[in-house]
Amino acid sequence: MASSGRPRPGSLQALAVAVLLVLAATAAGSPDRRPAPGPPLFLPLQRSYPNATRLATSLRRGLGDGAHPNARMRLHDDLLTNGYYTTRLYIGTPPQEFALIVDSGSTVTYVPCASCEQCGNHQDPRFQPDLSSTYSPVKCNVDCACDNDKNQCTYERQYAEMSSSSGVLGEDIVSFGRESELKPQRAVFGCENSETGDLFSQHADGIMGLGRGQLSIMDQLVDKGVISDSFSLCYGGMDVGGGAMVLGGVPSPSDMVFSRSDPVRSPYYNIELKEIHVGGTALRVNPKVFDSKHGTVLDSGTTYAYLPEQAFVAFKDAVTSKVHSLKKIRGPDPNYKDICFAGAGRNVSQLHEVFPDVDMVFGNGQKLSLTPENYLFRHSKVDGAYCLGVFQNGKDPTTLLGGIIVRNTLVTYDRHNEKVGFWKTNCSELWERLNIGGAPSPSPSSDTGSQADLSPAPAPSGLPEFDVGLITVDMSINVTYPNLKPHLHELAELIAKELEIDSRQVRVMNVTSQGNSTLIRWGIFPAGPDNAMSNATAMGIIYRLTQHHVQLPENLGSYQLLEWNVQPLSRRSWFQEHVVSILLGILLVVLVTLSAILVVLVWRKKFSGQTAYRPVDSVAPEQELQPL
């Protein structure tokens, strides 16, 4: 399970064993599991891929096979910073919004329920079934485990890092956002009554299960016949984050490379990895090393790549032998033995001049070429230093490929044709291209009986109707404060530009250093002379922030929005607004006046008792004698 801390690769050393245990442990018999990711890392990708233009043309002609619409959804957060990617899913009538971790290794979608007695504090309010006019519980039947009263179906999931989720199953309208062409659909999901471990402490609300299984959102939509049996993920570059997800088919570029994925062999999405080449030379390992148990597993919820011992040692030695000009240094965390190199420079687009390219060769002879950005992460304490994002999977023979391997790569999970496709592109730009010419979902309908017309509102709701005087935003940026401090003014101007407001409206209110990150409280003020902004303007600003429209440059890292707050315009008079300043001014004048009087009195006292000096022999005027 992804977390915001820095768990180590050692937590995955028993991955294969944990996988088998989970297969036996899940109450519903589902094969899903959540391996823990590695530490949060920083590695920007700047390279622009020329292939993106060609894909854009085909996407404008329409996605998929033409017979089915697609759910096109934006990805948020950053896998190497937050430990996961999330997307926004809307459940109920009216829609209730949730930030869910995109997980190809899980087969159930669930959110915290209003009745949950053991759920953490997450990004959004819990799901309230009573507020949805279209919610219905999944009644107890022979195909599910039931609650104690034998009234409602239940689910339970346990994951590899010892977290768990359990609750009841419900059915409701699920909406995929306004960018989606797919209309809202009824779907079964989990309503959590208990969560433990990282599930309890994570910022995201829950999980969106994309794996193979009866409760998977993919299987439910495919069984309804509303999408084709395929989905795609495209993770944005390092220090950029975000990306795109499509539920349904996308047209395959002519140079997309494929690997067979055998659903019979494994419930997970696997590929046939045969060889790894470093700098054009194949690692001297038996190809069978990548073919144990479930084969080579892809997992969108895992951060790094984990190789069996023999393959890892060969990979590490091969990379190290190619970088003689770099100095080997300790990793950013002294508790762990990261393999890091200094002296490569900050320009990530030029890393290929120092580090070797890596090719993953599939069983059909096709290969996925990786740039250094796909197997390195930036050292957080030494400028221009990088560390290997590929780790040894303990004594476990499983090969596990996480998100670092497929940064800025469109990955298509073609379940119908039992294959997985890879195509290098710029995922941040891809989302914009996916959005070109796309028909938005229908607006929400007041008719609760019409499922097809339900979709979420485009901006945060619930703001009371008042003139807004101030918006405060708490933002965590994954750059240390000393490195960020010289760029605060630049950052304020950038945020103002992205929010389409005047730079003078964005001000720093508070800055707090938090280890390798910085917490900033921004104040967004009105621009007009009346010192107020409309409710609609405030909602638009908040929407851009919550939907991660603000993109930071490489040197400023990526950000996470922690909290926002809206304050109404104060209706006090000018005197009330400035009464404190007036009182302080009066007090200052009184103190200055008293001080001046005191100085004058002291001076007079000092000189009043003194007589003029007269020498003893000086001539003095005669004194007239007074009569006796």
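Backbone N, Cα and C atoms are what each Cβ position is placed from, and that goes for glycine too.
The signal peptide annotation in TrEMBL covers 1-29.
The feature domain 'Peptidase A1' is assigned by TrEMBL to 85-423.
What TrEMBL lists as active site is Asp103 (among others).
Here TrEMBL flags Asp299 (among others) as active site. Neighbours of Asp299 (active site), defined as other CB atoms within 10 A of its CB across all chains, total 23.
The region 'Disordered' annotation in TrEMBL covers 438-458.
Per TrEMBL, compositional bias 'Polar residues' is recorded for 444-453.
Sequence annotations record features per position, and here TrEMBL assigns transmembrane segment to 579-603.
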Rounded distance in angstrom between the Cα atoms of Asp299 (active site) and Asp103 (active site):
7
With every protein chain in view, how many other Cβ atoms are within 10 Å of the Cβ of Asp103 (active site)?
27
